[in-house]
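Marked as active site by Swiss-Prot: Asp129, Cys159. Taken from Swiss-Prot, the feature active site, tele-phosphohistidine intermediate covers His257, and the record attributes it to similarity to another entry. Residues or ranges marked as active site, proton donor/acceptor by Swiss-Prot on the basis of similarity to another entry: Glu326. As annotated by Swiss-Prot, ATP binding site applies to 46-54, 168-173, 348-351, 392-396, Tyr428, with the evidence given as similarity to another entry. As annotated by Swiss-Prot, beta-D-fructose 6-phosphate binding site applies to Arg79, Arg103, Thr131, Arg137, Lys173, Arg194, Tyr198, with the evidence given as similarity to another entry. The beta-D-fructose 2,6-bisphosphate binding site annotation in Swiss-Prot covers Arg256, Asn263, Gly269, Arg306, Tyr337, Arg351, Lys355, Tyr366, Gln392, Arg396 and is backed by similarity to another entry. The annotation phosphoserine is assigned in Swiss-Prot to Ser29 on the grounds of sequence analysis. Residues annotated as region 'Fructose-2,6-bisphosphatase' in Swiss-Prot: 250-469. Feature annotation from Swiss-Prot assigns site 'Transition state stabilizer' to His391.
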Amino acid sequence: MASPRELTQNPLKKIWMPYSNGRPALHASQRGVCMTNCPTLIVMVGLPARGKTYISKKLTRYLNWIGVPTREFNVGQYRRDIVKTYKSFEFFLPDNEEGLKIRKQCALAALSDVRKFLSEEGGHVAVFDATNTTRERRAMIFNFGEQNGYKTFFVESICVDPEVVAANIVQVKLGSPDYVNRDSDEATEDFMRRIECYENSYESLDEDLDRDLSYIKIMDVGQSYVVNRVADHIQSRIVYYLMNIHVTPRSIYLCRHGESELNLKGRIGGDPGLSPRGREFSKHLAQFISDQNIKDLKVWTSQMKRTIQTAEALSVPYEQWKVLNEIDAGVCEEMTYEEIQDHYPLEFALRDQDKYRYRYPKGESYEDLVQRLEPVIMELERQENVLVICHQAVMRCLLAYFLDKAAEELPYLKCPLHTVLKLTPVAYGCKVESIFLNVAAVNTHRDRPQNVDISRPSEEALVTVPAHQ
């Protein structure tokens, strides 16, 4: 029996790792065996204009945000790359042999890219976005998954409510490259005919015929669900997420607390109260929210004094969430950046090298914060109009989710004090409106310096530190 390997603490993440010959030991990949962490192939199912691409994009964004490398493969885009100019619905007729040949070629090209992503590039989840309306096509994709050691999970979107279908058709017509510069009525007519091309051969997932498959069926954008054979943790998270999202029009308002006494001094963390300007901002925020005349607005804060003081000025009920508390800076709490550089120069440099994954000694990383904030995202997806009064790092994490920002970009998103961001979800993304409430505040944003080397001089480490008292 081999002797136990030596452990050493990773300086960036502060986790213990086995070492071999002075180097971190890597876990052997066992992709051929379907373990809990083997790749997952999500297969969309449904007629056109049923919200499949909306679901695909939203699911991809969520999984990437929680740290699961995910990519969407839209077969329609592969078709557009091959057939440069879309002419009419006749391309999709079941007796159009040339069309059938090209569509199959596109599906196989997309699956080839799925294999490359999951088996060679370190991807964990691939979302295969196409109609996949026949049992034969789904069997082909399932076999592809089995041959490559992937778990396959089907997501079917069914819409029978004519109002939902009509709304989806408008969204598709507005956003599809197939109908750019086409007359609106002509585009609608063509798209309706395209849907008819699929309807006669459409075979929905069946509780008896498909009882061995893992799937979720979503009826009328979340009115009801059928869930079958959820196989592992990642599939259960996918189901939970899909059962929380909705398409009701709403806005989410994000802002930080008013300027705090420690903000003025350039000190991070702590639990200080508001500065005089911070209290002034609270009054301006109350007036802004009143002027917006928002129906059934929910207000959430952290459990820290500065967010609660800010919310008190609104004179409305609010809910305190511990998970909305600011990132825990551990041993660096209430220190200035200059003091951190002076006392912990190695830590300061490591954080600049990888700000997302760096964990403060006895504290948290942005990566930890994202995991902590997942329940907030789930609840924001369930709710309608919400104002979240939070903190700089927390606001960055929430903003990165809604704007689909990469982990490397997340810790540098600008979230200034005394500014409200109004987020309005739209078809395949989020519209952002930034509203400054005309109360001056200190700048707390620090850009990544050019020199992130451990041996850098102090003046180069501190070059991007904002001015403070």
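Glycine is treated like the rest: Cβ placed from N, Cα and C.
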Distance, His391 (site 'Transition state stabilizer') to His257 (active site, tele-phosphohistidine intermediate) (CA atoms, angstrom): 7
Separation of alpha carbons, Ala393 (ATP binding site) and Tyr198 (beta-D-fructose 6-phosphate binding site) (Å): 47
Under 8 Å by Cβ from Gly269 (beta-D-fructose 2,6-bisphosphate binding site), same chain, sequence gap 6 or more: Leu262, Glu326, Ile327, Asp328, Ala329, Cys332, Glu333, Glu334
Packing count at Arg194 (beta-D-fructose 6-phosphate binding site) (other Cβ atoms within 10 Å of its Cβ): 21
Cβ neighbour count (within 10 Å, all chains shown) around Arg79 (beta-D-fructose 6-phosphate binding site): 22
Gln171 (ATP binding site) versus Cys159 (active site) - Cα distance in angstrom: 15
Fewest other C-beta atoms within 10 angstroms, as judged across Thr131, Gln171, which are the binding-site residues: Gln171
Confidence summary for the region 'Fructose-2,6-bisphosphatase' (250-469), mean pLDDT rounded: 98
Count of other CB atoms lying within 10 Å of the CB belonging to Arg50 (ATP binding site): 24
Rounded to the nearest Å - Cα separation of Ala393 (ATP binding site) and Arg256 (beta-D-fructose 2,6-bisphosphate binding site): 10
Arg79, Thr131, Gln171, His391, Tyr428 filtered to the recorded positions whose C-alpha is within 10 Å of Arg256 (beta-D-fructose 2,6-bisphosphate binding site): His391
Coarse DSSP state, helix versus strand versus coil, of Tyr428 (ATP binding site): coil
Candidates Tyr54, Asp129, Thr131, Arg194 (recorded positions) - the one closest to Lys355 (beta-D-fructose 2,6-bisphosphate binding site) by CA: Tyr54
Rounded inter-Cα distance in Å - Arg103 (beta-D-fructose 6-phosphate binding site), Gln392 (beta-D-fructose 2,6-bisphosphate binding site): 47
Collapsed DSSP category at Gly46 (ATP binding site): coil
